[in-house]
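The following features are taken from TrEMBL:
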TRANSMEM  12-34  transmembrane segment
TRANSMEM  40-62  transmembrane segment
TRANSMEM  82-101  transmembrane segment
TRANSMEM  121-139  transmembrane segment
TRANSMEM  146-165  transmembrane segment
TRANSMEM  185-206  transmembrane segment
TRANSMEM  218-251  transmembrane segment
TRANSMEM  271-292  transmembrane segment
TRANSMEM  304-324  transmembrane segment
TRANSMEM  336-359  transmembrane segment
């Protein structure tokens, strides 16, 4: 089996969590929350952050029970080689689907907002070339790159919010808490599914962290920071555009950039939004791509993973185009089904592994006592 030779610092792990979470969510989540909850969409964001911390607590508990092990290794240890392999295949399948979803997000945004005459397949191929190279180089290089490019994500976002302050009106948040419980649950569940339940895929890189004692703090900080970023983006859309206008657009955050015009000097600031989104979603795809590689290597007891980069990239490029017939179908599936599938993967399976670890520990303790007596 391949030994871990790549290591990242706790700070780099924090950055990876942040860019992974805001990924496609910075553009996709605000539109859905505004559609379902209008001026109270920000409240869904606040609730989702709280529930996300519970999910992170479960994942951290799992890491504590199985230190220095990936999800694949944990599944095999907890359930045995056969059942563990079945769970691992499900895990890999969902990572594969998630990577195709992210690619489809990129192509839909680019073809509807920036380059409408370009075929989605070409956009998939161009992005996958960079992703394949990143997966080939490994998580250590990806983490260092994320550390370099993080200011390119944070600074444009801050500029986007600050430059829209003159258009913001607090009365656009009124009336408070005027929503149905069904819409609140739907919006919060969607926000949890994209991106917080997907954090279960991060378990493939936690053994790479140099100082394991700081994993808990970095995990929580990255989750809260990314959740606040998306919630602030939702609130800014409501304050600057109004809930009715913002809810009618597929990318309200992108519309925020279009609204900024300071004389003849500062115009077309929507490019800032494109920079934020393209960088963050690239890192999300490359993290999942690396996790898929490592999962296959550990599942099949291979020695190296680099040779998997190109064939996996080709498969994902083709599947990303054909797996989703149209945008309406994709949005419906992601809103009503995807979070519940991820709940099984991110909460039910980890809870099962944790319970089995305690059961085995108790059985071992009873066996030791019986031998002593």
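Glycine residues also receive a Cβ, built from the backbone N, Cα and C atoms like all the rest.
Only residues 6 or more beyond the boundaries of the transmembrane segment (271-292), in the same chain, are considered here, and those with a CB under 8 A from a CB of the stretch are 16, 19-20, 22-24, 26-27, 92, 95-96, 98-99, 102-103, 105-106, 109, 113-114, 127, 130-132, 134-135, 138-139, 142, 145-146, 149, 152-153, 156-157, 159-160, 195, 201-202, 204-205, 251, 253-254, 256-257, 312-313, 316.
The transmembrane segment (121-139) makes contact with the transmembrane segment (304-324): 3 or more of their CB pairs lie within 8 A, with pairs spaced 6 or more apart in sequence. Counting only same-chain residues 6+ beyond the ends of the transmembrane segment (304-324), those with a CB under 8 A from a CB of the stretch are 2, 96-97, 99-101, 103-104, 107, 120-121, 124-125, 128-129, 131-133, 135-136, 289, 292-294, 296-297, 330, 333.
Within the same chain, the transmembrane segment (218-251) packs against the transmembrane segment (40-62): three or more Cβ pairs sit under 8 Å, each pair at least 6 residues apart. Beyond its flanks by at least six residues, the transmembrane segment (82-101) meets 24, 71-72, 75-76, 198, 200-201, 285, 288-289, 291-292, 295-296, 299, 316, 319-320, 323-324, 330, 334, 338, 341-342, 345, 349 of its own chain at Cβ-Cβ distances under 8 Å. Using the rule of three or more Cβ pairs under 8 Å, pairs at least 6 apart in sequence, the transmembrane segment (336-359) is in contact with the transmembrane segment (40-62). When each of 40-62, 146-165, 185-206 is scored by its Cβ pairs under 8 Å to the transmembrane segment (12-34), the top-ranked stretch turns out to be 185-206.
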